[in-house]
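Colleague: Sharing a structure here in structure tokens format.
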Amino acid sequence: MDPFTISTGVTGFLSLALEISKIIAAYINDVKSAPDDAHNLLEEVKSLCHVLNQLVEFLEKDAKDRRNFQPTSALCLVINACRQQIEDLYKKLKKFQVSIDGGAGRVSGFVERLKWPLKKEDYQNTITTLHRFVQTFQFSLQISNCEILSKSASDVVSTLEQNQDKLRTISVLSDQVQISMDEVINAYNKQLVVLDHVIAAVLASSETQNKILSSVEVLHRKTDAREFEELLRWISPLEPQIRHQDIRSKRLENTGNWFLETEQFLKWRDGDGSDGTNIFGCYGIPGAGKTIMSSLVIDHLSSKLSDKNTCIAYVYCDYRDKENQTTANMLGALLKNAMVSLEAVPDAFLEILSQQRKKREPLELNDAFNALSQILQSFDTAYLCLDALDEATEDHRRRLINSLQQLVTSRNSDSVANRSTPIKLFFTGRPQIEDYINAHPAIKPMGPLSIRLEARTHDIVKFIEHKIMMDTKVKMGEGFKAQIVADITAASQGMFLLPALQIEAVLDKTTMRKRREALKEMPRALYDAFGVTIERIQNQKPEVAQQAMDILKWVFLAKEPLTVEELQHALAVEPQDKDLDWENFIHEELLLECCLGLVIIDESTRTIRLVHKSLQDYLKTQYDEGRLFQEAHYEITRICLTYMSFYGFDSEIQTLKTYKSPVLRLDLGHNYDRFFEKYVLIKYATIYWSYHAVTAKSQSHAVDEMVLNLLQDKYEKCLVFQALLKFHFDLDSDMECKVHWYGWCREELQSHMLRRSTGQDLKSDILYVLVLSGLEEALRRFIKSSDVDVNISHWSERTLLSFAAQWGRTEVLKLLLDLGAEVDPMLLVHACESGHLEAAKVLLDRGANVNSQHGVHFYSPLEFAAEKGHMEIVKLLLDQNNVNVDIKNSLSQTPLIAAVQNAHTDVLKLLLDRGADANLKDSDMRTPYSSYSAQGKTPLHYAVQWNSNKDILELLLEYGAVVDSKDKYGETPLFCSIMRQQLALAEFLLERGADINSKNNGGWTVLMQLIHSQSLGAVDSFKIVNWILAQPNVDINWRAPNGWTALS
């Protein structure tokens, strides 16, 4: 393990140690009676941070000239033990987490009611252990001592004990000869103490390591399977295999087999990938059976190639699940498929993912791509199948195609030596996707295979015959059955969905005569068929029809898919209910029958969904034209707020909490979880009631009065209602609310004290709720009637304006500004980061500073907008006269780098057009609160580091980026791309003139670095070395200043 790698590891938990010091300091500041233990621990942690910082600098200095450390060396063992100690201490203290706002730390007032978590014995052990670590790391800062600690624990202990014996001998001799050597003896004694600490630290760390090694086999047997499942869930929340099973169960036997015999499919399946045959697009109109065909292809490949070392990975895109179907999650789903296809996933690969998972953050796009690229090397061939590509959002579809295109072209490139894993890509989509794919600059020259999918007559006939066979309500003659099959097949227009609706409309009738009439009058177009089906729904008994339309309303307009249970709860609530009436629930078996096939249960997720995306499109058309669901958002808002404000919630929680008037403490534990599992609609209602309220405003002014009345009537009375409405105050978006729902419930409601809002606090809370809802008329009325200050600060020290800007409540923003609210410099940052163009316009018109910078790293509005890809906001900001296009944050990174890191090509081009410097480097700096050290990288370095597509590199080079620019370590973008195994990018850079023999600061070429790297075992080094050697003019005889060559 090289010193750089060790220093990086130390830096990782140094930042955590700094965080601990801030937490303790803030605790001492707020809790006046803080014990001496807290003060002493703070000093010890500060000492540790100081010496760790010295250690990082010591290891980085002249690192390439120093020896490497084995993972079992004493220094590595002590560092690992220290890391574990810091992590354990942080877990115990994190309840005192400091909330940073504007650079000032403050511990919540609730801390004053909390006890110091470390018992005396625990505190003493912690202090002793940390002091040993400080002494050991201080000892290691001398080169000779560092050399000692590079050996094994047993060797180090032996050496240090010998040194102790020598020191003791000198001390004794000095006493015997009665020489006045007080200072020398004292120095020797101090060294003895230091060595005692070092030996104790090494022995303890070694003992810990031995215990781990001795129990690892037992631990693996018990935990491997569970941890693997947890790792898979972390990689991606998508579960395509469950969706696949659900779709396959609906597929009729012996249908679609013709597709597997087409020339295009066979060429894609069996071809060598030349001339674009490794990419196969299947395009079809809505309802043509593309998803069913995808499931058939997946099953066929799985069966046909079961005896081969082949990977078959797939994803079903779903328009309903936009929040989860990110590029990283879709690549993660493919990665999961690949991992479970292997008999044994390499331990080194699992360790890398496990370490990333420990960061407690989702898998990043770049990491997902690299992991997928690496795992696919384990197969002889890989087939990647994507269904309904058109249902992915534009941004994520673009990134996904770019990522997969890089995989496909790099793995199948003839110019990359010894590539042995051909990757074949199959996808389906609506016809408009074909133009999108063919226009892709990297795919277009390849001439990918494609086919237009239409439902075949044979398959439609089998489907209709199956439906008729299953019908037992009316006895029909064979002649009439044949007529039904013939007429519906003739009108199918190449779709499965239209015949499915038509046959249901016919078989729904209860007599032969009515069925003949229905057959004669059946709709001939898909939208007409939807319209006829909805008419049939509305012609049912009034109560049944109302149930069906309510279900359609919720499923169509819900912000995220509802589960069966959530829908049951939503339908059970009446507007005037004060409690949930369990006798008003509709049984699951009776839930969807009234919808006549337009609504189904997705068995893979137990969520309710429309039968097809084309039905969503149809309902949207009807909604936009004012024909359906015009009051629906108002009704959903009322149901959500009614549900959240049930009086029974407070009384039910009384058994799970203790009262300390005027404060309610919720201490629910597992009962708390069961409470929210019982009332399943609370999560949806809490997160999305404001979305429905804002949308309802354009449909009905009554929503203002309804919300205002409900708040004034119930807010003070219902404590849980107060808590749920405050949920949004701490979060930035619906997506963040969704992600942090359960964490917020456990951390905030369980651990903290909830104040009863009364008097001025009550008015303040209601003000914030009205701002969040976006109902400016209700807000105006409340401000006028309540005589409150529009500049009032929320208990989180946020203003009304800041929430209005962050959530894009433009009309509310204007109202507050008109009423005299003060413009805070942070407001523009809030609006730009969240993507609210109109709010940003209002703030700029009112004098907001376009170059204001805020936060820990001093991000600007332009950087936030570039990072998020908010193109229109970037345009708006660049149109301001005094905008600084190259404004730097505290890490010396610019908006251009933010656009590169997040692959926003359109934003990148706009910034370059407006004069952004394509060669501006980040600078070398480190703040006291950050472990980050800038690396002197240019945007081109970042493009390689983040595995950008070639378009971004091309764009940077077109605007003057220096292809061989060097970073802090003298490494060029080509150097970095090769070390990261990104050979497609490396080839591109070589084509643009990059120097394969460029040297880093140590005088090493990339060939030397690769061959002598300690990480050779983790990469497919031989292929990369062969690739380098195949390049013209590569210098294999270059001798570095230390005398080494590539062949040394």
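A Cβ is built for glycine as well, from the same backbone N, Cα and C atoms used for every other residue.
Unlike curated entries, TrEMBL annotations are predicted automatically.
Taken from TrEMBL, the feature domain 'Azaphilone pigments biosynthesis cluster protein L N-terminal' applies to 1-141. Per TrEMBL, domain 'Nephrocystin 3-like N-terminal' is recorded for 254-430. Among the features that TrEMBL reports, domain 'GPI inositol-deacylase winged helix' is placed at 546-621. Annotation comment: TrEMBL describes 796-824, 828-855, 857-881, 891-923, 935-968, 969-1001 as repeat 'ANK'.
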Colleague: Who are the long-range neighbours of the repeat 'ANK' (828-855) in its own chain, taking Cβ under 8 Å and residues 6 or more past its ends?
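Modeller: Those are 102, 732-733, 802, 804-810, 813-814, 817, 861-862, 864-865, 868, 870, 872-873, 876-877, 880, 882-884, 887, 889, in sequence order.
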Colleague: Please compute the mean pLDDT of the model over the repeat 'ANK' (828-855).
Modeller: 92
Colleague: Can you tell me which parts of the same chain pack against the repeat 'ANK' (857-881), counting only residues 6+ beyond its ends and a CB-CB cutoff under 8 A?
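Modeller: Apart from its flanks, the repeat 'ANK' (857-881) reaches 395, 828-829, 831-833, 835, 837, 840-841, 844, 850-851, 887, 889-891, 893-896, 898-899, 901-902, 904, 906-907, 910-911, 914, 930.
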Colleague: Pull the DSSP breakdown for the repeat 'ANK' (935-968) and write it out as helix, strand, coil residue counts.
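Modeller: So the repeat 'ANK' (935-968) is made up of 16 helix, 0 strand, 18 coil.
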Colleague: Same chain, outside the repeat 'ANK' (891-923) by at least 6, Cβ under 8 Å from its Cβ: which residues?
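Modeller: Residues 399, 402, 857, 860, 862-869, 871, 874-875, 878, 885, 932, 934-940, 942-943, 946, 948-949, 951-952, 955-956, 959-962, 965, 967.
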